[in-house]
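Let me begin by presenting the structure, written as structure tokens, before commenting on it.
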């Protein structure tokens, strides 16, 4: 792994990753798409371990979108079984390393067996105090905003909340990652330059890093290159460059 000596103040606190390119990578090898998904697991391990060593507070991995159900039934079935297998084989290592696992998204569509496995994995690591690893599965940014809106509407209906009480902070508290900082750095592999309905609210001020590397080939050095690119960015949050520099000097 490359050396990266940086202050925690300049590192991203929350990294989100759209893990793209498994199918195209497999095709280039003359293999079926599922071969790419299985080989992508190694990149997940590397990303989690490297992020933890860097001191990142949270990593969110886009594993399965709400739109991915449209894929061939066989591929979806393999992805669900792969999810089960990875939960079974990786959770003890995450727990040993004091990492906390959470699965975000609409889990009701998963099989009871998978829902049980998810609940067990989350419960095992719930008290861990290290990096939070979010797996976004059957997740969509529009769904996240919709479920938050429905929850707020229910509170208004029940008289627990007035419409005038709802501001950005209140709304955020009803999103699936309310207790985490918004995303600082979004990484998407495979050369595609879009966010694909991922964390629409939380990406408001994220720096977006697009790499041509297919996900199965994304390693420690690739992640460090992305983080290095991030720390050299000037994040403005709506201010001018001069205003940002003045704030940094104070």
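Glycine residues also receive a Cβ, built from the backbone N, Cα and C atoms like all the rest.
Residues or ranges marked as active site by Swiss-Prot on the basis of sequence analysis: 20. Taken from Swiss-Prot, the feature Mg(2+) binding site applies to 20, 207. Here Swiss-Prot flags 21-25, 33, 37, 65-67, 69, 71, 188, 194-196 as substrate binding site. For 68, the entry in Swiss-Prot reads active site, proton acceptor, with the evidence type sequence analysis.
Counting only the Cα atoms, the space from residue 188 (substrate binding site) to the residue listed as 'active site' is about 7 angstrom.
Considering other CB atoms within 10 Å as the measure, the emptiest surroundings among the binding-site residues 25, 69 are those of 69. The CA atom of residue 195 (substrate binding site) is located 12 Å away from the CA atom of residue 207 (Mg(2+) binding site). Of the recorded residues, residue 25 (substrate binding site) and residue 207 (Mg(2+) binding site) place their C-alpha atoms 26 Å from one another. Spatially, by CA atoms, the binding-site residues 21, 23, 37, 66, 69 include one closest to residue 207 (Mg(2+) binding site), and that is 21. For the pair residue 69 (substrate binding site) and the residue listed as 'active site', the Cα-Cα distance reads 16 Å. Cβ neighbour count within 10 Å across all protein chains ranks 20 highest among the recorded positions 20, 207. Between the CA atoms of residue 21 (substrate binding site) and residue 68 (active site, proton acceptor) there is a gap of 14 Å, rounded to the nearest whole number.
DSSP classifies residue 69 (substrate binding site) as helix under the three-state reduction. Fewest Cβ neighbours within 10 Å among the binding-site residues 21, 23: this applies to 23. Less than 8 angstroms from the CB of residue 66 (substrate binding site) sit 105, 106, 138, 139, 140, 143, 197, each of them six or more residues away in the same chain.
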